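Quick look at what TrEMBL annotates:
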type: COMPBIAS; residues: 325-334; note: compositional bias 'Polar residues'
type: DOMAIN; residues: 18-268; note: domain 'Rhodopsin'
type: REGION; residues: 320-371; note: region 'Disordered'
type: TRANSMEM; residues: 6-25; note: transmembrane segment
type: TRANSMEM; residues: 37-59; note: transmembrane segment
type: TRANSMEM; residues: 91-115; note: transmembrane segment
type: TRANSMEM; residues: 127-148; note: transmembrane segment
type: TRANSMEM; residues: 179-198; note: transmembrane segment
type: TRANSMEM; residues: 210-233; note: transmembrane segment
type: TRANSMEM; residues: 245-266; note: transmembrane segment
Amino acid sequence: MIEPLVLFLVGVAIVALRTYARVRVVGWKHLESDDYIMFFVAFFYASGTAFAYVAGTYWHGLTNGSMTPEQRAALSPDSDEYQWRVNGSKAYLAIWVSFSLVLWLQKGAMLAFFIRLTSRLGDYTKIIRFGFLFVSVSYISIVLVFFLDCLPLERNWQVNPYPGGSCIPADVTTLSVVLSLNIATDIYILAIPLPIFWMAHIKYWKKLGLLVLVSGNIFIIAVAIVRVCLIIGDPLHGSQQAAPWTYRVMFVSVVSTNAPMLAPLLRKWLGSMSRALFGEKPTEKGMMREIQIITVIERTDVEALPADLDKSRFVRARQARRPSAITSGSQTMVETDDGDSDKIQVVVETEGQHDVRRPSSRPCLSDEHPV
């Protein structure tokens with residue numbers, strides 16, 4: 001059980017780091033729905049790992065499956081192994097619910113993230129809304145199949161007599177339904193951001209975050225297929241062989257889902273480490289980005305400034321971490337930037353008048369706006 005615990009701790013650390021990155025950019029009050037969904041993901045990831053640890057440590061990973069008819073008949077209800085199998089089967093139900101919620105909640109988090117990602121890139125609203133409906137219906141379907149395929153519920157932990165193929169972890173019907181809907185929803189979700197890779201104005205590190213998301217989910221699809229093949233191919237021992245891959249899938253899903261939000265932070269940290277290790281001085285381009293003030297103040301506003309003011313100084317200015325000011329006579333323009341959110345506040349003072357203008361939200365995929 002060392003590997004599942006290590007993967008869990010790293011996974012939770014990634015969720016915490018993602019939350020730190022988002023709070024640093026937008027603050028606690030402006031977190032989005034995908035940020036809150038990840039809190040539930042961390043909770044169910046923790047509960048599933050806890051159930052798996054208890055089942056593996058105290059009940060030796062046994063369930064009511066992986067037994068021949070002779071072994072069932074010979075096993076006494078008063079024996080320790082019998083109780084291990086009963087408790088392990090109950091734990092399997094809890095693990096399945098927890099880990100299925102982890103996967104499906106992350107599908108919802110990805111769709112919620114895509115709302116921000118594509119808000120200024122065309123009409124993706126209907127596609128994403130249908131995705132939410134698809135994910136919701138698919139999860140309800142797998143839960144109904146999982147629990148209604150074996151009734152009454154007590155048969156799920158019945159050891160002897162044999163409860164039937166639908167009441168053991170290697171149930172082909174449940175595995176097939178879960179696999180097909182998992183793959184179908186993943187393919188649908190991953191098809192949404194693919195056009196973004198061909199957008200020339202998106203920087204490589206943002207594309208890298210999306211690439212990790214896509215490749216991670218492709219890995220999840222591949223492992224899901226392999227797991228089902230292992231279980232169906234060897235009904236007695238296949239579920240035990242496939243169990244370690246369940247924890248790896250959970251971990252990879254957490255990494256890939258959070259990669260787009262971590263990419264900007266990692267890029268910043270790596271740049272700082274490079275300067276610290278090699279003594280590199282930040283370049284002019286790295287220290288401050290040229291921006292068109294026309295994105296902040298309408299052209300008509302610039303033209304409306306007094307005739308004796310050098311308007312060219314307002315048309316283009318430099319955006320830096322610390323407030324910068326351009327002063328001409330009694331007119332002063334001040335830019336402020338927190339260094340993370342790229343939200344700019346422009347203050348124009350003209351003959352004692354104080355005017356604060358804030359820009360409208362920028363396209364989520366512009367190089368000046370973090371995801």
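Cβ from N, Cα, C; glycine included.
Only pairs six or more apart in sequence are counted, and the transmembrane segment (6-25) with the transmembrane segment (91-115) gives fewer than three Cβ pairs under 8 Å, not enough to call it a contact. Here the transmembrane segment (127-148) has long-range neighbours at 96-97, 100, 104, 107-108, 111, 114-115, 118, 173-174, 177-178, 181-182, 184-185, 188-189, 192, meaning same-chain residues at least 6 beyond its ends whose C-beta is under 8 angstroms from one of its own. Across the domain 'Rhodopsin' (18-268), the model assigns an average pLDDT of 89.
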